[in-house]
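According to TrEMBL, the feature active site, proton acceptor maps to A:D360. If you look up TrEMBL, you'll see A:Q234, A:D308, A:D342, A:A343 marked as S-methyl-5'-thioadenosine binding site. Under the heading spermidine binding site, TrEMBL lists A:H264, A:D288. Residues annotated as domain 'PABS' in TrEMBL: A:206-439. Per TrEMBL, the feature transmembrane segment maps to A:37-55, A:67-89, A:95-118, A:130-153, A:159-179, A:191-209.
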Amino acid sequence: MEALLFFSVFVIATCGLIYELVAGTLASYLLGDSVTQFSTIIGAYLFAMGIGAWLSRFFKKELLSWFIQLEILVGLIGGISSAALFLLFEHALSFRLILYMLVGLTGILVGLELPLLMNILKNRYEFRDLVSRVFTFDYIGALLASIVFPLLLVPYLGLIRTSCFFGILNVLVAMIVLVKFRSEIKWAAYLKIKAVAVILFLSGIFFWANEIMTFSEGMAFRDPVIFTHSSPYQRIVLTRSKSDLRLYLNGNLQFSSADEYRYHEALVHPVMMYGGSRRKILILGGGDGMAARELLKYPEIEHITLVDLDPSMTRLFKENTLLTKLNSNSLLSPKLTIVNADAFQWLKENKETFNIAIIDFPDPGNYAVGKLYTTAFYRQLRHSLNDSSVIVVQSTSPYVAPKAFWCVNTTLLTCGYKTIPYHTYVPSFGEWGYVMASPAALYQQHDQLPEGLRYFAAGVFPQMRLFTADMDKRAVRPNQLNNQVLVQYFEDEWGKYQE
Amino acid sequence: MNGENTRSNTLTRKDFLRYMALIAGGSITVGQYVACQNKTDRYAHITGKINGASAAIGHRIREGSFPVPEVTTYTDTLIVGSGIAGLAAARKLQQQGIDFKVLELEPTPGGNAGFGKNAYAAYPLGAHYLPLPNLQHTALLELLEEAGMLTGYDAAGLPIYRETDLCFDPEERLFIHDRWQEGLVPQFGVQAAALSEIQRFLAEMERLRQVKGADQLFAFDIPVANSSADPVYTALDQISMRTWLEQKGYHSEELHWYLDYCCRDDYGADAAAISAWAGIHYFAGRKGKAANAESSQVLTWPEGNGRLMQHLLQFSKESLLPNSLVYQVTPAGDKVQVDYLDVHQGITKRIVADHCILAVPQFVGRRLLPARPPAANFVYSPWLVANITLDNIPAGSGYPLCWDNVVYKGRSLGYVNAQQQNISQISPDKQVITWYLPLDHLDPVNSRKYALGLDHAHWVKLIADDLAIAHRHIHALIRRIDVQVWGHGMIRPHPGFLTSQERHAVQQSGHSNIFFAHSDLSGISIFEEAFYHGNKAAENVIARRRS
Ligand SMILES: Cc1cc2nc3c(=O)[nH]c(=O)nc-3n(C[C@H](O)[C@H](O)[C@H](O)COP(=O)(O)OP(=O)(O)OC[C@H]3O[C@@H](n4cnc5c(N)ncnc54)[C@H](O)[C@@H]3O)c2cc1C
């Protein structure tokens with residue numbers, strides 16, 4: 001009997017802390033900036049618990065029934081909290097408001113629990129004894145929660161299941177109390193039905209957690225989704241597994257933290273070797289700051305202008321600590337200016353010229369993006385270059401889409417650029433292609449590379465320029481605004497590949 | 001970068017999604033049903049207004065009785081009308097340093113090539129594209145070069161166009177059998193026999209494109225005036241396009257629809273109402289070529305031919321007097337007196353000029369000159385153009401959104417997504433599309449009456465329902481519809497008109513210093529013809545000043 005009640009305290013305490021941790025984690029996943037999120041969530045939660053504790057004075061009769069009601073309610077609200085937050089994240093006008101309301105509500109309910117329980121137990125135990133035991137189990141529960149949460153729960157259960165699981169525990173406490181104190185409880189049958197219903201409901205969520213996640217996502221991702229944001233331009237999704245953080249834009253993989261260094265080193269360092277003067281750099285696209293990170297390894301670079309359409313991308317990669325760790329805070333560098341604008345439009349108005357331009361747009365999978373790979377675009381770009389400037393264009397996979405890849409090359413040639421097509425292997429993408437280009441003849445002008453590269457080296461580049469028969473040059477037409485052949489090649493080839 | 005999207009799809013997950021989709025679908029349908037019940041009026045939220053060529057002011061010419069002008073000024077050449085023809089003439093005169101004025105009835109210039117603007121986009125009010133010009137049409141090629149739209153010639157002598165002025169891909173799609181297909185020639189779900197008939201027809205048009213008459217002129221050319229006079233071909237003007245099709249053994253429904261569409265597109269009436277010569281000219285007259293575009297492509301801009309009009313306008317900015325209704329043109333010795341109503345001030349004024357170019361349609365021009373016989377053969381197709389502001393343009397199933405989007409057997413000609421010509425990835429908050437309706441369900445006079453009598457709410461219903469054929473849920477997306485009625489939109493080349501005595505006679509004003517210039521003189525209403533007549537009138541003025 002006694003053990004049972006104190007076990008309840010232990011469970012309640014664990015659950016209470018878990019809800020708090022879930023909310024804090026979710027908030028930092030979804031809103032970024034973990035320090036702020038965690039401290040405000042904890043503060044709000046504790047304050048709400050205080051309100052709960054204060055409210056407990058108004059419960060005078062039928063304490064056991066109320067306690068059971070409360071446990072069921074805490075179980076329900078705490079249990080569905082993370083599923084609800086994931087689902088609402090996209091649709092809610094003010095997600096923060098909902099988040100804090102939920103945190104507040106859970107806090108109030110959790111804050112009610114212990115005072116209520118102590119009131120129930122006060123006539124059964126000596127007060128001194130009661131206080132000491134309740135708080136001991138409370139703190140042990142908290143310790144347990146804080147250890148298992150990061151080590152076991154998040155990695156193995158995920159957030160949605162974790163909160164469901166603890167919600168169910170909460171309701172189980174209610175059930176146990178209900179059974180044990182049957183005789184003292186009013187509306188027992190009604191409460192039992194209610195508890196069973198909530199347990200079933202939460203088990204359902206627990207069981208379908210992945211689907212809920214996916215459904216909230218509208219599409220299936222390999223790993224748990226930790227962040228989603230729909231900007232007017234694109235849908236940004238971050239997923240995370242144990243060792244790997246992945247960014248998807250409109251469902252297309254942009255990088256995997258495990259091997260993005262291969263992609264970005266191959267994007268940046270060859271063009272730096274071939275560029276004569278390297279003082280002023282232009283990045284088009286590349287709002288993730290990874291290309292900028294590679295560039296900042298060259299002290300001679302004076303200034304980088306980064307033009308990316310989407311302010312929410314650049315903000316995310318400037319502020320989210322997970323991501324700034326990946327790009328080494330490159331977007332906060334004083335050498336870098338971020339311009340949130342449409343690249344084509346911006347080039348039309350730009351008066352500056354750049355020594356090097358790195359063009360890292362999404363793949364030409366639709367007619368809108370296809371415009372950024374046309375002769376019109378590269379001709380416009382020419383006005384922002386010197387005669388000796390060097391550029392590089394990410395050009396999709398020459399293995400999967402050889403016609404699309406060679407179309408980028410042909411398009412640049414048509415505009416009078418000299419080109420060096422090359423490719424590399426990026427495990428998460430497969431074989432990936434780039435085209436280096438310049439208005440002047442291309443030759444290697446530097447052999448000094450920055451320290452600490454993990455993949456690229458001067459000796460590797462000749463290999464990257466070799467194309468095996470299955471990726472080799474195809475006869476293709478240049479991509480123009482009025483034919484958009486690139487989009488057609490790309491769709492044909494990737495379409496077949498994905499069938 | 002594209003990678004694998006994701007996998008690990010188990011069956012249960014798929015089932016779950018399907019199940020969720022069903023529930024979601026169900027609740028949406030129920031929701032909509034409820035919404036429909038609550039709000040039977042699906043149109044009430046749509047705002048906008050009716051604009052139109054100032055018909056009421058124009059009609060005052062017919063009523064006559066203007067007070068004698070008090071103010072008199074002088075100029076060398078007076079141009080009445082600032083459509084493409086008037087502005088082309090002005091450009092020529094300006095280049096020669098000749099003093100001129102342009103009087104325009106409307107507050108803004110351009111006539112049928114005018115354009116409008118709202119917070120989201122500029123859009124055409126009428127004309128919206130120019131096919132690639134024929135290589136012999138050097139005057140037009142020069143104009144395009146001057147405007148920077150033609151950047152040079154390749155080694156083979158083919159013009160290179162500025163890419164941003166060519167129609168961006170994807171260009172055209174057709175909604176047929178509940179699906180969008182690529183291109184306007186019916187293909188999706190069309191029987192093999194009909195398809196081969198269409199192929200035969202297109203091959204025939206290709207042949208006629210190159211054919212020359214006994215006079216060594218192309219049988220069909222642009223401008224029309226350069227076409228062969230060989231009776232073998234001009235005889236085609238006596239029968240309708242539909243009769244010609246039948247005579248040649250073309251019977252398929254799809255081909256007949258396609259020709260109705262083409263005739264309505266260029267002439268505002270179907271193949272039964274248009275002469276075979278004009279119907280064939282639609283295809284065979286166009287022989288344009290380019291180094292960097294297919295022959296069939298067109299030049300177009302977000303504001304339609306308003307872009308070309310603005311280029312022309314630079315030459316007459318200072319000389320243009322808008323809100324000026326010319327009501328009388330009187331030859332006086334070797335001068336011409338042009339009387340007009342300053343619509344703003346409400347007073348009449350007179351300009352005395354050495355020469356006058358009447359760049360207005362015949363139905364106006366003949367009333368301005370004294371004792372001019374009525375031009376009964378000049379029939380004009382009324383048109384309606386609507387600019388529709390929407391939250392977004394639904395894609396529909398099948399081929400993606402194009403510049404030109406036509407519905408098979410639709411009442412309208414579908415809509416043009418002129419904003420596709422923007423290079424930016426950023427699309428404005430709202431989209432504007434331009435919807436075209438040739439008013440040919442009644443004869444021109446009654447269609448015109450019908451159109452002018454319809455109120456905005458009726459237009460909204462008609463237009464939204466028409467769009468809903470291809471986009472079922474479009475009503476809720478529409479914010480605003482601005483309607484432009486063109487009572488006398490296009491000259492109609494009905495059988496016999498192009499070869500008629502009247503059309504030839506009308507080219508002369510009967511006065512040595514007064515010249516006509518309007519696309520209707522060609523009997524075919526396209527930019528090239530307006531431009532041709534404007535130039536020709538200016539050349540006549542220049543020649544007369546020299547002599
Ligand atoms: C709906 C529609 C769509 C079209 N689409 C195309 C297209 O896509 N491509 C194409 O090539 N062509 C198109 N056209 C044909 C178009 O008419 C011609 O291309 C060209 O713009 C005609 O120019 P214009 O100068 O001959 O005549 P108008 O444009 O008719 O010019 C005549 C001018 O005279 C003014 N005026 C009339 N009376 C008076 C008066 N009494 N006093 C003063 N001013 C007066 C008028 O206001 C007008 O500005 C379209 C026409 C319509 C109606």
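In case you wondered, yes, glycine gets a Cβ from its N, Cα and C as well.
Positions of TrEMBL features highlighted on the structure.
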residue	record	Cβ neighbours (10 Å)
A:Q234	S-methyl-5'-thioadenosine binding site	19
A:H264	spermidine binding site	26
A:D288	spermidine binding site	25
A:D308	S-methyl-5'-thioadenosine binding site	26
A:D342	S-methyl-5'-thioadenosine binding site	19
A:A343	S-methyl-5'-thioadenosine binding site	26
A:D360	active site, proton acceptor	24
Maximum Cβ pairs under 8 Å to the transmembrane segment (A:37-55) - stretch from the list A:67-89, A:95-118, A:130-153, A:159-179, A:191-209: A:95-118
Subset of binding-site residues A:Q234, A:H264, A:D288, A:D308, A:D342 within reach of chain B (CB-CB under 8 A): A:D342
Secondary structure of the residue listed as 'active site, proton acceptor' (DSSP, helix/strand/coil): strand
Inter-residue Cα distance where the pair is A:D288 (spermidine binding site) and A:D308 (S-methyl-5'-thioadenosine binding site), in Å: 9
When distances run from the Cα of A:H264 (spermidine binding site) to each of the recorded positions A:Q234, A:D342, A:A343, A:D360, the nearest one: A:D360
Same-chain residues near the transmembrane segment (A:67-89), Cβ under 8 Å, at least 6 residues beyond its ends: 12, 15, 18-19, 22-23, 26, 30, 95, 98-99, 102, 105-106, 109-110, 112-113, 116-117, 120, 159-160, 162-164, 166-171, 173-174, 177-178, 185, 191, 194-195, 198-199, 201-202, 205, 209, 212-213, 215-216, 225, 228
Contacting positions for the transmembrane segment (A:159-179) when only residues 6+ beyond its ends and CB under 8 Å are counted: 4, 8, 11-12, 14-15, 18-19, 22, 25-26, 29, 64, 67-68, 71-72, 74-83, 86, 149, 153, 185, 188, 191-192, 195-196, 198-199, 202-203, 205-206, 209, 212-213, 224
Closest of A:Q234, A:D342, A:D360 to A:D288 (spermidine binding site), Cα positions, recorded positions only: A:D360
Integer Cα-Cα distance in angstrom, A:Q234 (S-methyl-5'-thioadenosine binding site) to A:D360 (active site, proton acceptor): 16
Chain residues in Cβ proximity to the transmembrane segment (A:95-118) (below 8 Å; excluding those fewer than six residues from its ends, i.e. six or more beyond): 5, 8-9, 12-13, 15-16, 19-20, 23, 26-27, 30-31, 41, 44-53, 55-56, 59, 63, 66-67, 70-71, 73-74, 77-78, 81, 84-85, 88-89, 130-131, 134, 138
Stretch-averaged pLDDT - the domain 'PABS' (A:206-439): 91
Cα distance (Å, whole number) from A:D342 (S-methyl-5'-thioadenosine binding site) to the residue listed as 'active site, proton acceptor': 13
For A:Q234 (S-methyl-5'-thioadenosine binding site), the three-state class that DSSP assigns: coil
